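Taken from TrEMBL, the feature active site, proton acceptor covers 95. The active site, S-methylcysteine intermediate feature in TrEMBL is assigned to 357. Annotation comment: TrEMBL describes 115, 119, 122 as [4Fe-4S] cluster binding site. Per TrEMBL, S-adenosyl-L-methionine binding site is recorded for 183, 184, 215, 237, 238, 239, 314. For 101-352, the entry in TrEMBL reads domain 'Radical SAM core'.
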Ligand code: SAH
Ligand code: SF4
């Protein structure tokens, strides 16, 4: 059988794997065993799976593969952040970032090669879009990173998350996963859902619902579906506190304006009663960082149970935008906190290896005309600069 026709087991959730094994007459517990070999022990050949029957292994070897996308480069930042570039074929490459902290280890993964949303401040958005990633390519990033990091841990080159810290550590190297890499996860819904199910599955990655975060620019109908199917932690990329400005910064706002987005956030929270929405807000000098914006943001925060995460803008060539000075970020954060809004400022990590938020660019063979559209749109409506 040809390699291309084989099933990549990395892309099958528990139910799909059980169905596949069932077609060969295997019991569900065989599927669970296989799942643990693949995701927890990082096996990519079948001979090592000695507790599975020889015939079953033979069948697997004939019809299946366990294959993550090929690694092109791995980089390590001075602060311990690591970034992998994966080849996903036809000239496209995606990026994955691991961020170690005292009390946790967070893996930031990509969901698409490029992105169609084309936000003004995002380098992925400026690259256009090629295609959705398959679940095997989404989970492949986690599978690979976990394997590499655990091997490092075993050879004692990397401290476990939380080692020596006061906060209760999670002994797993990757304790949290955020879908904040390249792409808009909710525009690749089915493959992302399969991937989320694997992240939560006790026979795969066993992460709790609150340790997996989907970040979205606000695809309202898909937020409703996610609430039903798999209500993990939700981050919403707000970036502007009114429709006029958000239309320019996050073009998807023209389709799903703020009132609809906020209503969807509240519907989501109805499915996750003890949760909150994290609103992400990238701080752009003279664009969205004035006191008036803080006042508008406070009014928004009063409508949804939320926390606000201010993100210092990470510049990249062609953006034409600047990071708000840190004193402005501090004052802006203080205004929100004075009004009782829980606010954090994201620490920039890994910027020496271009691994910081919004710097993930990979390689995208654009199949859309987004890049041209952005240039035309910029000439038509330059973003109004305001004074802080
Ligand atoms: N498409 C999804 C998830 C990927 S983007 C979304 O937009 O939510 C992940 C986060 O990085 C978003 O909050 C995004 O706004 C932020 N981001 C994008 N470009 C950035 C930049 N240049 N500097 C800082 N943050 C950026
Ligand atoms: Fe796409 Fe998110 Fe970047 Fe916007 S910020 S272009 S939605 S990846």
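From the backbone N, Cα and C atoms, a Cβ is placed for every residue, glycine too.
The shown structure was predicted, so the numbers you read here are calculated from the model rather than taken from an experiment.
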Practice problem: Determine the Cβ neighbour count for residue 184 (S-adenosyl-L-methionine binding site): the number of other Cβ atoms within 10 Å of its Cβ. | Solution: 27
Quiz prompt | Rounded Cα separation (Å) that holds between residue 239 (S-adenosyl-L-methionine binding site) and residue 119 ([4Fe-4S] cluster binding site) | solution = 10
Quiz item: Checking the recorded positions 95, 238, 314: which ones have Cβ within under 6 Å of ligand 1?
Solution: 314
Quiz item: Taking Cα-Cα distance, which of the recorded positions 95, 115, 119 are within 10 Å of residue 314 (S-adenosyl-L-methionine binding site)?
Solution: none
Quiz item: Which number gives the other C-beta atoms within 10 angstroms of the C-beta of residue 183 (S-adenosyl-L-methionine binding site), all protein chains shown included?
Solution: 30
Quiz item: What count of other C-beta atoms do you get within 10 angstroms of the C-beta of residue 314 (S-adenosyl-L-methionine binding site), across all chains shown?
Solution: 21
Practice problem: Consider only the binding-site residues 119, 122, 238: which of them have a Cβ under 6 Å from an atom of ligand 2? Write none if no residue does. | Solution: 119, 122
Quiz item: Could you tell me the C-alpha distance between residue 95 (active site, proton acceptor) and residue 238 (S-adenosyl-L-methionine binding site) in angstrom, no decimals?
Solution: 23
Quiz item: In terms of Cα spacing, which of the binding-site residues 183, 184, 215, 238 are within 10 angstroms of residue 115 ([4Fe-4S] cluster binding site)?
Solution: 183, 184
Exercise. Using C-alpha atoms only, work out the spacing between residue 119 ([4Fe-4S] cluster binding site) and residue 237 (S-adenosyl-L-methionine binding site) and round it to an integer in Å.
Key: 10
Practice problem: Calculate the distance in Å between the alpha carbons (Cα) of residue 184 (S-adenosyl-L-methionine binding site) and residue 122 ([4Fe-4S] cluster binding site), and round it to a whole number. | Solution: 12
Quiz item: In Å, rounded, how far does the Cα of residue 237 (S-adenosyl-L-methionine binding site) sit from the Cα of residue 122 ([4Fe-4S] cluster binding site)?
Solution: 12
Quiz prompt | Averaged pLDDT, computed only over the residues in the domain 'Radical SAM core' (101-352) | solution = 93
Practice problem: Taking only the Cα atoms, work out how far residue 183 (S-adenosyl-L-methionine binding site) lies from residue 122 ([4Fe-4S] cluster binding site), in Å, as a whole number. | Solution: 10
Quiz item: How many Å lie between the Cα of residue 215 (S-adenosyl-L-methionine binding site) and the Cα of residue 122 ([4Fe-4S] cluster binding site)?
Solution: 14
